[in-house]
């Protein structure tokens, strides 16, 4: 699955050009292939891999005499063919209309999705977009996030004495899945390089945020010093003092969410804290942090690799929230939550999954004392988020009640006016009926007027019937 071949025969036997990839090509990703043959040579290009050439044989024919049908994805005998998507097929500069052919070919359907090329940006935080038959999925395996788009932070609340330790079985072999892709990833990570990213929230100092140790008495650590400043320690040689960097002297133990990004390339260490601090430092040596044994978050005991300041922070541990922790290709918090009971992950103390990383943004305006109480109560940081949601729900409910009252008031006024008009009409009708009866009795004594009165009476009856018919009742 990691090789593409271009085969042709100009009369003196088949010639083959092969491009080999360091990763499998049946990975549900789009791949680009370009094959060319001219009188001098043949070439094959696959994605951005090195171009392969094959010189034309000296005694071969120049032209390929092709007079049969062109088969795409299979052969004339319909043996084992191609299962997947092919698009943008062009031959000798002419684009072939595969979509029209697919409409009349059994077993072939038009419209390859190609979602990742269009929507791949929806996979966040280095999540990998993978094509599927009905769309795409985001592979969050090598990220510190989860969810359909790799956006959900994995956060854990730490209490006193708690820690998470991720242990490597062999040098980087613990994360290998025996594929060429993983082998290539960890061969690359074998260079002197570390990539670290995480967010934290605490009011405690000193505090151990993250530490890594190797089998050769090397190590690194990121701590909060007693004054709350963030410090980075590197010891690449056990016979030399550790390199210490302090990106900021401002206290970060303020109960607010801070995020840290650190990248090492050889001797150069790049550090970013929040959005306003960017630093570059140089190590005293470009020695590789060989054979990392474990990565620990929180309390560290039984290690004398780093200096006294680190040991104090390690013995104190960490109380607060850690979120979205990434160390190279390992996400320790995510592994601890998803692989409880695994021999690779060991937990100490009371560790609870929390939304503190996400809810911390909503609590930045609160006072330091408020944050201190939330952190000490473990999962209390969630309350502000709940209260915020309750406030929103209360406001919406009040608006709905107000609108309902307004509607009821308008309808009540309408009904009142209608009933009043109806009563007035009934009174007027009664008066007219009484007047008619008086007139009728008076005129009845005169026989000459009886005919006219009968006509008037019929007219009045018709008027009354029309009034009754025009009256309507409303049920609300």
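Glycine too: its Cβ is placed from the backbone N, Cα and C atoms.
Residues annotated as compositional bias 'Basic and acidic residues' in TrEMBL: 363-383.
Packing around residue 112 (disulfide bond) is summarised by its Cβ count: 16 other Cβ atoms lie within 10 angstroms of its Cβ, all protein chains included. Summarising the annotation, TrEMBL assigns disulfide bond to 85-112.
Averaged over the domain 'Laminin G' (1-112), the predicted model reaches a pLDDT of 86. Taken from TrEMBL, the feature domain 'Laminin G' applies to 1-112 (among others).
The domain 'Laminin G' annotation in TrEMBL covers 171-356 (among others).
Residues or ranges marked as region 'Disordered' by TrEMBL: 360-383.
Under the heading transmembrane segment, TrEMBL lists 391-411.
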Cβ-Cβ neighbours of residue 85 (disulfide bond) (radius 10 Å): 15
